[in-house]
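Visitor: Feature table excerpt (Swiss-Prot):
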TRANSMEM  28-48  transmembrane segment
TRANSMEM  68-88  transmembrane segment
CARBOHYD  Asn172  N-linked glycosylation site
CARBOHYD  Asn223  N-linked glycosylation site
CARBOHYD  Asn242  N-linked glycosylation site
CARBOHYD  Asn404  N-linked glycosylation site
BINDING   Cys487  heme binding site
Amino acid sequence: MPTSLEQAAALIGGVGTHLLYFKHGERHAYPWRYVALLLAGSLSLWAFKWSREGTTTSILAVTSSTSVLLFLYLGGLAGSVLLYRLFFNPLNRFPGPFAARLSKLYFVYLSSDLRGHRKLHELHQKYGRYVRVGPNDLSVVDPDGMKIVLGANSKCTKSAWYGQDMPYISTNTTRDRAAHDRRRRILAPAFSDKALRGYASRLQKFHDLLTSQIDASAGKPMNVTKWFGYWGMDMMCDIVFNGSFNMLASGETHWALQVVGDGLHLQGFALPPWLYRVFATMPKSSSGSRGLAAFAATQLENRMQQQGKTAHADMMQPLIEHYDRLSTDTKRAILPLLQGDSRMLIVAGSDTTSTTLVHMFYRFCKESGLVDRVREEVEPLVSDPNLISYSDIRQAQLLHACINETLRLHYPGPSGFFRKTPPEGIHIGEQHVPGDTIIQMPPYVMGLDEEVYERCSEFVPERWYSKPEMIKHKDAFLPFLAGSESCIGKNLAYIQLAVVASQIILQFDVAFAPGEDGNKLVRESKDLGMLHPEDLHVVFTRRGKTHS
């Protein structure tokens, strides 16, 4: 057995490791290094003890002694962590499940069905606006906090969540604000008004393909989740890479669409960053994210070979132009970021837009008379339903209100964005949130708050124009965030949604397919960081000619 002094040293060493190291800063990036250090330290201790005691004791005794010291060290480390979380953590004054004080794994357990956004809603209904969901994690639905946490002048920064996919990086996951802003300025020309006007005719091609497929299925059940997904992916591949997977034309799912879903799957478990890193570095569990990264890298390589030869500008053009001006060494360093941006543009642009469109048509089917009212508004503004310019429908209030109301009730990133408070903490009204707290403001929960939105569970698009009094806290709605961290594709998203929705409803009536009520879409869609919608089956019926 080890001496009393050795046992005390091991125990104190474990406590000190927590208090002097793990308690300070972020230690999530390389979890396997700690495993390696622990093994190396244990073997070194065993070798040292054998060299000192090997002549008088057995291998088994030395091994047993080393194991006891290892157990005491880990016990001291774990005990210190638990005692701090139970009695000294400044977040202890916030309500929440007791188990959440001890470990974020409790919320992982709650989210094991990949519907974490719905679990957050249940927790907020039970505990209130501020809920502790982990030892250092708060979920907040206080509308006064939106601009403080996510606004243009927020002192909060991106949390470790944005770095858990290393070495895969992108502009969106860049946590250094100055570096993010520099990269965003390079990307900005791809989203300028001039660029968006240039994309219009190319987007129209995919709107036409979608309406053609709707026409071919007219009178029969159609899975709009599938077809709107094809539309989103084909469209974004065209304006990002100057290419398409032709899923709308062929009606067949390209393997890349499955890769995108697989690449996001691990995020759905709401793992703490250190545990995410464990799984992200294991071949089987990380196959989805690695497949997505490889897919984007291949698409980028093909696109780079076409630089200067494409007939139309695309979103990668300014990024590749900037890359080509760099030195060889700088290119080598910046290539992962370029690959990451190509992945970001495809996933963020296709998934979020198509998901919103699916839920918008769910509401067109569910809300009696809604699609007729939108049609009556849009129809006088359009001369040809097969060639709609966004400038013609820009002022269509009800149409755009339907988009906003869909984003309120069915936000494509339902659990929100993870931010880290500054060292001094932040104040939301009279509530002080301690420094270095991981804070999220789930839009799904905020959208269902009666103190924020009157008749919050009802789809009332008029709240966005003719009945503004139904929005009690206007700052609570930030679907595209604000400032330099805002979604750079906001204007493109509104254009895509408004134009394609108008083109469809001007030519077709829409209703739920027999046996469909949309409940599966609403209740069973998965939260994978972004909402992964369940199938929605509707029936489109060709309308009579209404335009000369």
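Placed from the backbone N, Cα and C atoms, the Cβ positions cover glycine too.
What you are looking at is a predicted structure, and each value in this text was computed from that prediction instead of being measured.
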Visitor: If you compare CA-to-CA distances from Cys487 (heme binding site) to each of the glycosylation sites Asn172, Asn223, Asn242, Asn404, which comes out shortest?
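Guide: That would be Asn172, nearest by Cα distance.
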Visitor: Relative to the Cβ of Asn404 (N-linked glycosylation site), which residues of the same chain, six or more apart in sequence, are found under 8 Å away?
Guide: Pro461, Trp464, Phe477, Pro479
Visitor: What are the sequence-distant neighbours of Asn172 (N-linked glycosylation site), meaning same chain, six or more residues apart, C-beta distance under 8 angstroms?
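Guide: Long-range Cβ contacts: Tyr162, Met344, Ala348.
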Visitor: For the glycosylation sites Asn223, Asn242, which Cβ has the most other Cβ atoms within 10 Å, all shown protein chains included?
Guide: Asn242
Visitor: Between Asn223 (N-linked glycosylation site) and Asn242 (N-linked glycosylation site), find the distance joining the two CA atoms and give it rounded to the nearest Å.
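Guide: Checking the Cα atoms of Asn223 (N-linked glycosylation site) and Asn242 (N-linked glycosylation site) gives a distance of 27 Å.
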Visitor: Which secondary structure state does DSSP assign to Asn404 (N-linked glycosylation site), in the simple three-class scheme?
Guide: helix
